[in-house]
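To start, the structure itself, in C-alpha cells.
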Amino acid sequence: MEMIQQLLGRLHPLIVHLPIGFIMLALLLQWYDRKQKEWSKLLSLIYFWAGVTAVLACITGYLQYQGEGYSFDSVKWHLWSGIVTALFCFVMHLRLAPKNFSGFMAKAPLSILGIVAFLLISFTGHQGGNITHGEDYLIGPLPNSVKSLLGYEVIEEKELVLTEDNWEEALVYEDVIQPILNSKCVSCHNPKKTKGELLLHSKEGILKGGESGDVLAMHSDESELYNRMVLPMDDDGHMPPEGKKQPTKEEIKLIAAWMDVGHPMKGTVKENKLKKDLFTSFFPTKTYTGHPEMEIAEASKDSIQKIEDYGIYVDPISESTHFLSVSCINKPTFKDSDFERLLSIKQQIAQLDLGGTEVSDAIFTQLAQLPNLSILKLDDTKITGSQIDQLNVLNHLRSINLTGSNFNRDVQLFSSFKNLERVYLYKTEVDQNGPKSLNDGRLVLEYGNYQLPTIPSDSIIY
C-alpha cells in the first residue's frame, strides 16, 4: 500500500500541469471572447476539466506530502490554495454554464473572476515552486547577509576547505562534519522538509535521530547514516537519493572515521586523534608555476647567447618572470666540466634538463650552486646518486627525474629534502616496489610501469 501511495504521489508533478494548462487556456479564450461572449459553453467545459484535474492534483499532492517527508508548514499554503483553486474552477464552470447559476456570483463580472483565477493559479504555482526549488531559489545568488535581511533563514553551506597549517585546529563537528551534511544531506533533512523525520542541520537533530531511531553509532558499520551512504546507487535505501549531489569517497571515509572515534561533537581534529591522510584531499591544490614565487633580476643577454652558441637551449619560462629553462637536449656530449658555462646565469636557472648527457655523480656538487633550481632532469644518465644528498640545500627543488639512470641509493634519503614533491624512479636500480610516498604523503615517488585495466574493445580485431 505504501508503495502505491508513493507511486501516486510522484505523479503530482505530472498531473499538476493539467489544471494549469486548462485554466490558462480558459483565460486566453475568455479574454478573446470578452466582447462577443459566444464561447461561454466551451469555457464552462474547460473550467470543469480544470476543476477535475485540479482535484486529482490535490489528491496526488497530498499523497506526495505524506510519502516524501515534507513538513505541513512547508506545504500548507500550496495545499490550501490548490484546494481553493479547484473549487473556484467548479464555480467558474457553473457561472459560465447556461441557466445553472444564480445569485451574487451570477452578477459578478467575468473579467474580475478571470483575474481571481489567474491570481489563484499564480499563487498556487509559486508555492509549489518554493517546495520544489526552495523558498530562496530566486534569491539564491544573493549574499547570505542580504538573504537574512530579507527575512530568510540561512543554512550555511560552506565548503570543507582545510589547509596544511590549520587542519589540526579545525573543530571536528562544526568545521568538518557539519559542512559535509549541509552540502549533501540538509536539502532533504531540514525544518521545512523532514524526510524520515530526520533533521541533519544541527547537532540536536542528528543526535535525536529519525523515524527509524538513532542514525549514529559508536562504529561506522553500525550507523544507519553511514550505511545508507555506502549502499549501491540503485538501492532504494541509498542516501542521498539518485539525482541528488552525492558525497565523495573522501567525505564518506571522513564520516566513517569520525564515527569510529565515537562521533564527537566537541573538540578539534587533533584532540580527537583523526589522522592527517583523511584531510589531505581537502587541502587547496597549488598550481605550481615551475619556478620560485619571487622576483629575480634578468640574466645578461650576452651570457645567454654564449651558452646557446655552445649548443645549450635557454628559454624564458614565461613572460611574467625572468627565470629560465635550460636544456641539453641538443647537447648529449655535455659533461661535468661543461657546467661552468652555466654559472653566469645560475640565479635565473629554475629548470635544468641534463637528461641523456654524459654527467656523473660529480655533477651534484655543482648543481648545489643553483639556488633557485626547481625542476631537475637527470634521466638516462649514468649517475648512481652517490652524492645526491648535496642537493638538499636547494630549498626550491620540487622535482627530480632519475628515470633510466643507474640510481641505486635508499629512497629514504629524499626525506631530508625540504620542499621536494616528486621523484621519478622508473627503470632505475632501486626496488620498484618501494614506498610510494614519504614525508606524510608530501613527497611522491613515481616508479612508472603503470598497468591499465583491459576493456572489452581491446579484444576486437579490426
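Each residue, glycine too, has its Cβ placed from N, Cα and C.
Taken together, the residues of the domain 'DUF2231' (11-131) have an average pLDDT of 85. The domain 'DUF2231' annotation in TrEMBL covers 11-131.
The domain 'Cytochrome C Planctomycete-type' annotation in TrEMBL covers 185-243.
Annotated transmembrane segment per TrEMBL: 12-32 (among others), in sequence order. If one looks beyond the transmembrane segment (12-32) by at least 6 residues along the same chain, the residues whose Cβ comes under 8 Å of a Cβ in the stretch are 39, 42-43, 46-47, 49-51, 53-54, 56-57, 60-61, 63-64, 85-86, 89, 92, 110, 114, 117-118, 121, 125, 128, 132.
Feature annotation from TrEMBL assigns transmembrane segment to 44-65 (among others).
Look at TrEMBL and you will find 77-96 (among others) tagged as transmembrane segment.
Sequence-distant contacts of the transmembrane segment (108-125), counting only residues of its own chain at least 6 positions beyond either end whose CB sits under 8 Å from a CB of the stretch, comprise 19-20, 23-24, 26-27, 30-31, 34, 78, 81-82, 84-85, 88-89, 92, 95-96. Residues or ranges marked as transmembrane segment by TrEMBL: 108-125 (among others).
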Contacting positions for the transmembrane segment (77-96) when only residues 6+ beyond its ends and CB under 8 Å are counted: 19, 22-23, 26, 40-41, 43-45, 47-48, 50-51, 54-55, 57-58, 61-62, 65, 105-106, 108, 110, 113, 116-117, 120-121, 123-124, 127-128, 130-131
Per-state residue totals over the domain 'Cytochrome C Planctomycete-type' (185-243) - DSSP helix, strand, coil: 19 helix, 6 strand, 34 coil
